[in-house]
Amino acid sequence: MSGKDSAEVEAALTEKSPSKSPNHAVLTQLTRRAAITQIVTAVVANITIISSGMGIGFPSIAMIELTNSTTSVVLTESNATWFASITSIMCPFGGLLSGYLLDKVGRKKTLYFINIISIVSWAIMSFASRTDSTTLFIQLIVARIIIGIAIGLSSTPASVYAAEVAHPNLRGRLTLLTAFCTAIGMLSIYTLGYVFKNDWRFVCMICGVFTVVSLLTVIPLPESPSWLVSKKRLPKAERCLKVVRAIKEDDHPEIRAELEALEQNIARFRSSQDGKKSKLDQLKKPEVYKPLAIMCTFFFFQQFTGIFVIIVYAASFSIEAGVAIDPFLSAVFVGLTRVVTTLLMSFISDKFGRRPPALFSGFGMATCMFGLAVCALHPVKETSFSWIPTVLLVAFIFTATLGFLTLPFSMNAEVYPTKIRGFASGLTIFFGYTMSFIILKIYPSMVETFGNSNVFILFGCLSMLGIVFVYFFLPETKGRTLEDIENHFRGNKSSTKPDVEMKTMLASQRD
């Protein structure tokens, strides 16, 4: 790397990392070329997630036609409910499968698998029966089971990949790409549903073609150097690391130093025979169970504050909240707000960190939910204030995306040790989507039993409790290396002292 290249450093990217670890001192500067390479690889990896976002939002655009008695084949109310909810049942299993695949076959092959099964799902729905309701229902359920697994799978791999290839000063915004691409997928499906209201099969065909393109874009991606080091494939790890760091020279000191740091992290985790212990034994380590408890709690508040209820029941929720405009158009506004805010969040996260946006997010969500409760108690639909529920709904999505919607997914890729990152992040996603299934299944019954206003008040109160959780328990990860985050949970204040025993262990392993 030339001196000229090293001088071409953006002010925002050359901010010193809080890490004092000598192993990461070489990473305190980021050249423009390396930044562009890491951004491009992370973006390409996250294109896969767009299809999953489409899968999440698909029921809201298809339900009306599928239950419309004037169409050739229709679903019963019970069948339609299963069509809408079966995905939530399968997402947790996709999350667990994600952890297994990430550790077993790597980040890149996991992305291949997600695309392939998504193509199968969209193809089944594209050519679903037009003459027999029973056959149609079976085809839709099979397709939604597959896409549910794909959605659960997609919540982790791309963000883990981005976290592992990115410089610490870029990592915050790149790990948010998963949330951004999910939002793009949902906005796309809402828009397609608004344009093609009476042809959901054609919409599925468009989604399938896009997923084929997404599969092809994964081919040129380098594998994660962290995963390759964990599998002791050091030559390939060095080649891939040189690609993402935009370094062409052989035996470059920065590459050697970073590989050594990665090896030490893996070796430290395997010390005391950790490598021979089961996953459950590894969960007893403080650097694993502490972030696991924090992230599961974060996901609980994400789900039980009503965020996914609005996303999945966008059209019907708009009606229940008293929104005066076309419910399909309201869904488009929800999707557009999420996309814009997620893009904004990528800069806010790097500027202010994780905690301040999360605190603001919780406060905004509580305010909006309490406002919607007032509108439900005192309807304004036929008055000059009929615009208020629409504004509150959009504002809720805006504030939720600033923290409680996006941060659990992005931080899930940061807080776990490399050796168990795939399993632990997959376990966290399993818990998150299990909570999602519960709230999505009970929400209609909650509204029927307690009424709209009381449900909105409950969501608002849980948002306030979420603020308390963030303030007292959520750690700040801005600008910190993955090793520093691991050491934080382990209880080590710094890693400035050289680990002689670790270096001896690594030397013996190489010999």
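Note that Cβ sites are derived from N, Cα and C of the backbone, with glycine treated the same way.
Remember, TrEMBL labels are computer predictions, not curated facts.
Look at TrEMBL and you will find 245-272 tagged as coiled coil.
Under the heading domain 'Major facilitator superfamily (MFS) profile', TrEMBL lists 41-478.
According to TrEMBL, the feature region 'Disordered' maps to 1-24.
TrEMBL lists 39-62 (among others) with the feature transmembrane segment.
If you look up TrEMBL, you'll see 82-102 (among others) marked as transmembrane segment.
Positions annotated as transmembrane segment by TrEMBL: 111-129 (among others). Residues 45, 48, 51-52, 55, 73, 101, 105, 135-136, 139-140, 142-144, 146-147, 149-150, 153-154, 157-158, 161, 200-202, 204-205, 207-208, 211-212, 214-215, 218, 221 of the same chain lie 6 or more positions beyond the ends of the transmembrane segment (111-129) yet place their CB under 8 Å from a CB of it.
Look at TrEMBL and you will find 141-162 (among others) tagged as transmembrane segment.
Feature annotation from TrEMBL assigns transmembrane segment to 174-194 (among others). Sequence-distant contacts of the transmembrane segment (174-194) (same chain, at least 6 residues past either end, Cβ-Cβ under 8 Å): 38-39, 42-43, 45-58, 60-62, 154-155, 158-159, 162-163, 166, 200, 203, 206-207, 311, 314, 328-329, 331-332, 334-336, 338-339, 342-343, 345-346, 349, 401, 405-406, 409-411, 413-414.
Same-chain residues lying 6 or more positions outside the transmembrane segment (200-221) and placing a CB less than 8 Å from one of its CB atoms are 41, 44-45, 47-48, 50-51, 54, 58, 61-62, 65-66, 108, 111-112, 115-116, 118-119, 122-123, 125-128, 189, 192-193. What TrEMBL lists as transmembrane segment is 200-221 (among others).
Annotation source TrEMBL lists transmembrane segment at 292-316 (among others).
Taken from TrEMBL, the feature transmembrane segment covers 328-347 (among others).
Taken from TrEMBL, the feature transmembrane segment covers 359-380 (among others). Cβ atoms under 8 Å from those of the transmembrane segment (359-380) belong to residues 301, 305-307, 320-322, 386, 388-389, 392-393, 395-396, 398-405, 407, 451-454, 456-457, 459-461, 463-464, 466-467, 470-471 of the same chain, restricted to positions at least 6 beyond its ends.
According to TrEMBL, the feature transmembrane segment maps to 386-410 (among others).
Among the features that TrEMBL reports, transmembrane segment is placed at 422-443 (among others).
The transmembrane segment feature in TrEMBL is assigned to 455-474 (among others). For the transmembrane segment (455-474), the list of distant contacts is 294, 297-298, 301, 304-306, 309, 321, 354-355, 358-359, 362-363, 365-370, 372-373, 376, 403-404, 443, 446-447: same-chain residues at least six beyond its ends, Cβ to Cβ under 8 Å.
Summarising model confidence by region, the domain 'Major facilitator superfamily (MFS) profile' (41-478) averages a pLDDT of 84. If you look at the transmembrane segment (141-162) against the transmembrane segment (328-347), you find fewer than three C-beta pairs under 8 angstroms, all six or more positions apart, and that falls short of contact. Counting residues 6+ beyond its ends, the transmembrane segment (82-102) has Cβ neighbours under 8 Å at 55-56, 59, 62-63, 66, 75, 109-110, 113, 137, 140-141, 144-145, 147-157, 160, 227, 312, 421-434, 436-437, 440-441 in the same chain.
By the Cβ criterion (under 8 Å, sequence separation of 6 or more), the transmembrane segment (422-443) is in contact with the transmembrane segment (292-316), since 3+ such pairs are found. Contact between the transmembrane segment (386-410) and the transmembrane segment (292-316) is present: at least three CB pairs lie under 8 Å, with pairs separated by 6 or more positions in sequence.
Same-chain residues lying 6 or more positions outside the transmembrane segment (39-62) and placing a CB less than 8 Å from one of its CB atoms are 83-84, 87, 107, 111, 114-115, 118, 121-122, 147-148, 150-151, 154-155, 157-159, 161-162, 165-166, 170, 174, 177-178, 180-190, 192-194, 197, 200, 203-204, 207, 210-211, 214-215, 217-218, 220-222, 243-244, 311-316, 328, 331, 335.
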